[in-house]
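Take a look at the structure set out below.
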Amino acid sequence: MPRVVVLDYGSGNLRSAERALEHAGARVEVSDDHRTAMEADGLVVPGVGAFSACMRGLLEVGGDELVDRRLAENRPVLGICVGMQILFQRGVEHGVSAEGVGRWPGAVEPLRAEVLPHMGWNTVTAPSDSVLFAGMDPDTRFYFVHSFAARGWEEHTGEPSSRRRSVWAEHGEPFLAAVEDGALMATQFHPEKSGAAGNALLRNWLETL
Amino acid sequence: MAVAVRVIPCLDVDQGRVVKGVNFTGLVDAGDPVELARRYDGEWADELTFLDVTASSADRETTYDVVRGTADQVFIPLTVGGGVRGPEDVDRLLRAGADKVSLNTAAIADPELLRTASRRFGAQCVVLSVDARRVPSDGTETASGFEVTTHGGRRGTGICAVEWAARAERLGVGEVLLNSMDADGTKAGFDLEMIRAVRAAVRVPLIASGGAGEVGHFAPAVHAGADAVLAASVFHFGELTIEQVKNAMRAEGITVR
């Protein structure tokens with residue numbers, strides 16, 4: 001049974017993530033202890049609320065360093081919702097820019113849509129070699145709740161983007177619903193709230209551990 | 001593809017038990033909220049709403065247990081409302097496993113509570129619940145002709161329901177749950193005029209509630225501007241299944257899960 005640590009950095013939603021991962025077949029611990037988090041087979045970085053507040057919480061427990069250290073050893077990390085957003089270079093909320101962890105280029109910005117937050121079950125478009133979405137029907141729906149998203153990649157010169165698999169969804173405009181980047185993966189939606197579809201996705205992730 | 005219109009069953013919970021009669025076949029205990037939540041989850045409910053109707057604060061402890069028990073076993077979003085008085089109540093419900101908390105009476109008394117809750121917990125988990133009705137002939141006229149009520153729709157406040165929803169959005173709520181007190185219990189259909197009026201005033205998702213009686217009632221509410229539809233008794237008594245409601249909406253060209 002894979003061992004997973006859900007990173008406890010003051011962001012809500014920990015219990016849901018913990019229970020859903022257990023349901024998908026993991027042994028789960030909620031912790032901010034670096035040794036525990038380093039030793040786990042997988043690390044989950046959840047997140048709800050504001051980008052800047054999550055980032056502040058993450059820095060307080062040294063979560064940025066933890067993510068870096070795990071990825072340097074090619075050990076899996078899964079970001080969820082704002083836990084995905086903070087992996088980008090920056091987040092722009094109410095016109096104010098906050099710095100992110102910077103694993104991926106570009107900004108997380110307000111979605112341009114008639115109704116916000118984007119709240120409810122939506123489909124995604126995943127590449128055929130996707131790991132997280134393997135074996136899933138294209139009309140599978142996941143539960144989203146967010147007003148901000150990465151709306152595309154700002155590619156930098158020499159950035160090795162080919163290893164990244166981008167999964168897209170649409171609400172008003174296309175945005176990144178998930179990214180698979182070697183050991184680092186993330187979803188903008190909430191797999192822990194996405195019923196059977198979310199369970200299938202978490203099982204797919206656990207299989208990579 | 002578009003985000004699917006959500007179908008949300010609402011369960012009234014009193015001292016840890018579902019009340020107002022539930023008549024599902026094949027349930028061991030129709031009053032157990034966790035069992036019912038699982039049942040609805042299995043029937044493709046898109047979210048669940050618990051309305052805590054418990055009167056005394058001592059009994060609210062059991063509500064937290066119910067939320068915990070449900071969140072442990074049901075992996076779809078859960079909204080909890082009823083008797084939420086301040087940020088500490090919101091905090092406790094979220095910690096127990098609620099994804100969203102709806103505020104009603106306390107927000108009427110102190111609208112700043114909406115701003116406080118939204119800033120602290122994020123807009124996505126703060127829902128404004130509005131019990132609204134047409135202003136009666138002896139009431140205080142409002143701009144929209146609809147007013148906010150309290151005490152289960154019995155007491156008018158003279159506050160314009162449409163302006164209240166718009167103000168709540170400015171204060172930071174992430175969603176509006178609009179209950180028509182005129183339509184509630186009639187099973188004659190949703191109050192489409194009220195849905196249209198609030199839709200025109202807010203940009204956050206709008207949940208329509210009150211009046212659902214048959215499968216054909218749901219699509220018009222969506223066409224009037226609802227992003228989600230909520231019902232209680234028609235689902236509890238097995239008069240309609242969630243699947244029937246979704247099929248009827250799908251036949252009207254509405255995207256459902």
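Glycine too: its Cβ is placed from the backbone N, Cα and C atoms.
Among the features that TrEMBL reports, domain 'Glutamine amidotransferase' is placed at A:5-206. The active site, nucleophile annotation in TrEMBL covers A:C81. If you look up TrEMBL, you'll see A:H190, A:E192 marked as active site.
Ranking the active-site residues A:C81, A:H190, A:E192 by other CB atoms within 10 A of the CB puts A:H190 at the bottom. Between the alpha carbons (Cα) of A:E192 (active site) and the residue listed as 'active site, nucleophile' lies a span of roughly 11 Å. A:H190 (active site) and A:C81 (active site, nucleophile) are 6 Å apart (CA-CA, integer value). In three-state terms derived from DSSP, A:E192 (active site) belongs to a helical segment. Taken together, the residues in the domain 'Glutamine amidotransferase' (A:5-206) have a mean pLDDT of 93 on the 0 to 100 scale. Under the three-state DSSP scheme, the residue listed as 'active site, nucleophile' falls in the coil class.
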